[in-house]
Amino acid sequence: MDNSNVLILCITLASMVIVSCSNLLCLYLTLELQSLSVFILIARKREIVSRIEASLKYFILSSISSGLFLLGSSLVFLNAGTYDITVLSLDAYFIEKSLILVSLLFKLAASPFHFWSPDVYQGSDNKALLVLGTLPKISILGVLLLLIPNSKLLLLATILSLIIGCVGAINQTKLKRLMAYSSIVGMGFILMGVSVYTFEGLEAGILYLLIYLLTFAGIIIIADKTIEEKSTIVELSNFLGSNVVLLGSFSLLVLSLAGIPPLGGFLAKWFIISTAINNEFLITSILSIICAMVAGVYYLRLVKISYFQHDKLFLVWRKVLLKKSFGSDFYGVTTGIIVYFVLFFLLSPHILQETLHFGVLSIF
């Protein structure tokens, strides 16, 4: 078995344990198992300098995050005499709750604690990026739902994530850095649903999380099998243009991220914004609509380059000499399932909504 597969299993195990923890000390240990496994996964090819640099940045900032979590947990034990997570639901533990929340926002790459993500995303290989952008976010957000209800700091992180993510992505030339800022914007929408902290808000936030992570995974899989690790956005036409199916799949996934109807990303954003408006989060809702419009610019730019950008003379040799096949049938089937879900989710959204309905019921 490949070493990377063992690390992915460790990350998966840690993620499953994290969402079932009811003790802050147990939660800290499993968060560390997850972080260390991600760190090793990023740095497993030590001969590549960019991987080492990305892994060290992730390790150092993850250590700061862990220190804040330990400090908050220690203060909880000092004042309450217990590590039980349910203690944090009391208003008396504002400082402890804030320290733990900041620690979790670090790991979610939500603004203003996002600054590590563009460099780490760019330095990671596609397999590590696929894991880093999905599993930790699911597990840590699950903790956030139980830990920090109705926090003003969470609402501030929502607003900053929407603004900084949109502005930062506009002039990016690398696909991975663009996806990093895209994930910051996506986290802003997810946290907006969590900040509302109503039944409908949590349901909309989790729905957006699932659709976004599926779309993110599909884009990374296509990028891994068609373009080079450090390719710029302008090179998308070189590698995708020769395969109509891949080009169409990539375009649908990108348009879903942009929130173009009738794709799944549009429905998820619509649920979150309508829930926020119904609960009188008007300023946040208006800001999210503006940010969604701005985000559509750089997403549509990806589609424009993929379809209409002519090959540059200095890039033609890369198409000839470095042409990559899509790989095994597993990746093709996985991408097909993701695209099918994103494309036809609007036709029968009730199946996933009913599942989320019962999941959110367990929180209240």
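Backbone N, Cα and C atoms are what each Cβ position is placed from, and that goes for glycine too.
Quick look at what TrEMBL lists:
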type: DOMAIN; residues: 22-289; note: domain 'NADH:quinone oxidoreductase/Mrp antiporter transmembrane'
type: TRANSMEM; residues: 6-31; note: transmembrane segment
type: TRANSMEM; residues: 58-78; note: transmembrane segment
type: TRANSMEM; residues: 98-116; note: transmembrane segment
type: TRANSMEM; residues: 128-148; note: transmembrane segment
type: TRANSMEM; residues: 154-171; note: transmembrane segment
type: TRANSMEM; residues: 178-199; note: transmembrane segment
type: TRANSMEM; residues: 205-223; note: transmembrane segment
type: TRANSMEM; residues: 244-261; note: transmembrane segment
type: TRANSMEM; residues: 281-300; note: transmembrane segment
type: TRANSMEM; residues: 330-352; note: transmembrane segment
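178-199 is the stretch from 6-31, 154-171, 178-199 with the greatest number of Cβ pairs below 8 Å to the transmembrane segment (205-223).
Three or more CB pairs closer than 8 A are found between the transmembrane segment (281-300) and the transmembrane segment (178-199), so contact between the two stretches is assigned (pairs 6 or more residues apart). Tallying C-beta pairs under 8 angstroms between the transmembrane segment (178-199) and each of 6-31, 98-116, 128-148 places 98-116 first. For the transmembrane segment (98-116), the partner stretch with the most Cβ pairs below 8 Å, chosen from 6-31, 58-78, 128-148, 154-171, is 58-78.
Across 6-31, 58-78, 154-171, stretch 6-31 shows the highest tally of CB pairs under 8 A with the transmembrane segment (128-148).
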